[in-house]
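What follows is one structure encoded as structure tokens, with my remarks underneath.
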């Protein structure tokens, strides 16, 4: 990433220019953030998602300021004009990360990861509408696989819930309640697509770099998150002590640091490898994130659930290849 000061020699210079290390770091940061978020929202009686997101944004902002002070990151100082131009993006960011936390709270990590692919479809057709883009036949094939993987994942989830219902009750016909997590996931896909599409326009207006975007996203999100928390969430001492244990607070801090790590490692990976390698890593990374849900949490482990993970994985690879072919052969 051009905004970072990197070592040029000796051991750290070799690390900073290592493709395999950059790829591993990117994957590890992504998994760490997903797992820590799932850990927090799944804690018994935890109900303060806005505060959790506030802590993460605060940690991210603080870490960026420290990196800038040490000379390892560069971004613009805060000013009212940029803040005014960027504020709508931060509002969308808050909606996106809140709906994401709620979806992760109710859905298993593999299902959450698979359904996140649907955001790609919304963004692709959003670009067709707003930027005059084009969807190739190979991209369309990947979209079909994404939708299919989501349908199979839903069947697997329903099958797992039916089996659980039979074990926990004496009924012969299990009653499976609707999982509200799917509604949160749907809202997250829409808000994520809107965030990406509108941010693309705003970046052209403000000429922000990567760390400018991160800094303003998080700084402007802080008061919004706190306001919504005060209005909606229970700030009683009893609820605070229940929601904020040493383990949950530590996980929030780690998650905030991981968000900075993901952004840095994205640029690092592109710099020392190529955009082609990075896009493939992004596609392949879906698999370890989904598998982490099977390892660390009680996610459905039936045939349909496992099959949906590999369908989503295949969809990601097809999409990455389609994007690379599209970039190599731009329309004249």
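Glycine is treated like the rest: Cβ placed from N, Cα and C.
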Inset, instruction - Scan 79, 239 for the residue that Swiss-Prot records as N-linked glycosylation site. - result: 239
Legend entry - Swiss-Prot topology check: residue 272, residue 329 same side of membrane: yes
Inset, instruction - Report, as a single number, how many Cβ atoms besides its own are within 10 Å of the Cβ of residue 239 (N-linked glycosylation site). - result: 15
Inset, instruction - With pairs restricted to those 6 or more apart in sequence, evaluate whether the transmembrane segment (50-70) and the transmembrane segment (85-107) have 3+ C-beta pairs under 8 Å. - result: yes
Inset, instruction - Among 111-133, 140-156, 213-233, 302-322, point out the range having the most Cβ pairs under 8 angstroms from the transmembrane segment (178-198). - result: 111-133
Legend entry - Among 85-107, 140-156, 213-233, 249-269, 302-322, stretch most in contact with the transmembrane segment (15-35) (C-beta, under 8 angstroms): 249-269
Legend entry - Sequence-remote partners of the topological domain 'Lumenal' (36-49) [C-beta within less than 8 Å, at least six residues beyond its ends]: 98, 101-102, 104-105, 109, 229, 233-234, 239-240, 242-245, 247-248, 251-252, 254-255, 258, 293, 296-297
